[in-house]
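Record features, source Swiss-Prot:
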- 40-60: transmembrane segment (TRANSMEM)
- 124-140: transmembrane segment (TRANSMEM)
- 152-165: transmembrane segment (TRANSMEM)
- H197: chlorophyll a PD2 binding site (BINDING)
- 207-227: transmembrane segment (TRANSMEM)
- H214, F261: plastoquinone binding site (BINDING)
- H214, H268: Fe cation binding site (BINDING)
- 278-294: transmembrane segment (TRANSMEM)
Amino acid sequence: MTIAVGRVRQERGWFDIVDDWLKRDRFVFIGWSGLLLFPCAYLALGGWLTGTTFVTSWYTHGLASSYLEGCNFLTVAVSTPADSMGHSLLLLWGPEAQGDFTRWCQIGGLWTFVALHGALGLIGFMLRQFEIARLVGVRPYNAIAFSAPIAVFVSVFLIYPLGQSSWFFAPSFGVAGIFRFLLFFQGFHNWTLNPFHMMGVAGVLGGALLCAIHGATVENTLFQDGEAASTFRAFEPTQSEETYSMVTANRYWSQIFGIAFSNKRWLHFFMLFVPVTGLWMSSIGVVGLALNLRAYDFISQEVRAAEDPEFETFYTKNILLNEGIRAWMAPQDQPHERFEFPEEVLPRGNAL
């Protein structure tokens with residue numbers, strides 16, 4: 001009698017076959033994340049190129065916004081839907097467009113198309129970094145870092161307009177359109193005086209400063225190879241020894257600041273932490289603006305400036321500037337509301 005001991009070979013199902021094909025070693029890795037990333041990124045980019053080339057914003061904003069109408073790269077945009085569309089997804093087959101592609105473009109359907117596919121594409125790219133990190137056997141901090149720009153995109157383009165009356169108040173997808181949105185944020189929300197914006201600026205600029213300092217310090221402390229320390233030729237990717245001196249770098253900054261990083265892991269984590277945290281904080285701030293939460297208000301200065309013509313601070317001047325932005329932008333940006341402001345309500349500085 002013969003007894004065979006071992007594991008029963010399981011039948012390979014369709015999932016295993018697809019998994020093998022998706023994770024096959026190729027020039028451009030696909031993976032499961034690619035099923036989300038590649039179609040969504042293709043559709044978002046294609047929708048943006050189509051909109052900026054051919055589609056007008058006349059029916060939604062009363063503006064020209066395409067190359068076909070004479071705009072250039074800095075002034076083209078895929079603009080937000082009309083205010084009257086509310087928060088409709090504006091599906092091509094929905095009640096607004098009723099399957100008419102031309103009408104769908106006219107009412108702003110391309111914006112929701114680009115925004116939603118763009119968000120899913122960014123999420124797919126983050127999942128791609130998770131997937132490849134798992135396959136290669138490294139930690140997933142790249143994906144964690146990429147969550148910061150995703151948070152900014154989702155909060156600005158999706159959550160903020162969801163808190164307002166319609167998609168109309170989101171940024172349009174274009175350079176000048178984004179600039180207009182920044183002015184809108186300042187005028188209607190006093191965004192620059194928001195503490196979450198301050199943390200975002202500190203994170204982004206602080207990250208840039210850390211990057212510049214770190215790169216310069218490494219270049220300063222390269223080990224000599226032969227006659228000199230060569231920036232581009234000396235390093236071999238497979239070499240076992242260090243290519244720069246952490247001890248020398250630590251001594252250098254200790255003499256300048258009196259304090260320096262002595263641990264490479266902590267140093268690089270800090271370079272990750274500063275910009276990522278800053279972007280996350282600014283995203284939280286935008287969610288607050290979606291709920292119309294206010295920034296810092298210094299009411300005592302406003303009251304005194306109103307009572308005393310000779311008293312003015314940079315804060316009160318900025319408040320007047322914000323009022324001017326609102327008074328100018330509301331009629332220009334929302335012509336359908338038919339705003340009319342008499343001269344006496346328009347803001348004037350105390351110097352006037």
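One-based numbering along the chain as shown.
Note that Cβ sites are derived from N, Cα and C of the backbone, with glycine treated the same way.
A map of Swiss-Prot features onto the structure.
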residue: H197; record: chlorophyll a PD2 binding site; CB count, 10 Å: 22
residue: H214; record: plastoquinone binding site; CB count, 10 Å: 16
residue: F261; record: plastoquinone binding site; CB count, 10 Å: 18
residue: H268; record: Fe cation binding site; CB count, 10 Å: 14
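Taking CA atoms as the reference points, H268 (Fe cation binding site) and H197 (chlorophyll a PD2 binding site) are 24 Å apart. Counting Cβ pairs under 8 Å to the transmembrane segment (40-60), the stretch among 124-140, 152-165, 207-227 with the most such contacts is 124-140. In the three-state DSSP classification, F261 (plastoquinone binding site) falls within coil. Long-range contacts of the transmembrane segment (124-140) within the same chain, counting only residues at least 6 positions beyond its ends with a Cβ under 8 Å from a Cβ of the stretch, are 23, 29, 31-34, 36-38, 40-41, 146-147, 150. F261 (plastoquinone binding site) sits 28 Å from H197 (chlorophyll a PD2 binding site), counting Cα to Cα. In this structure, the C-alpha atom of H214 (plastoquinone binding site) lies 25 angstrom from that of H197 (chlorophyll a PD2 binding site).
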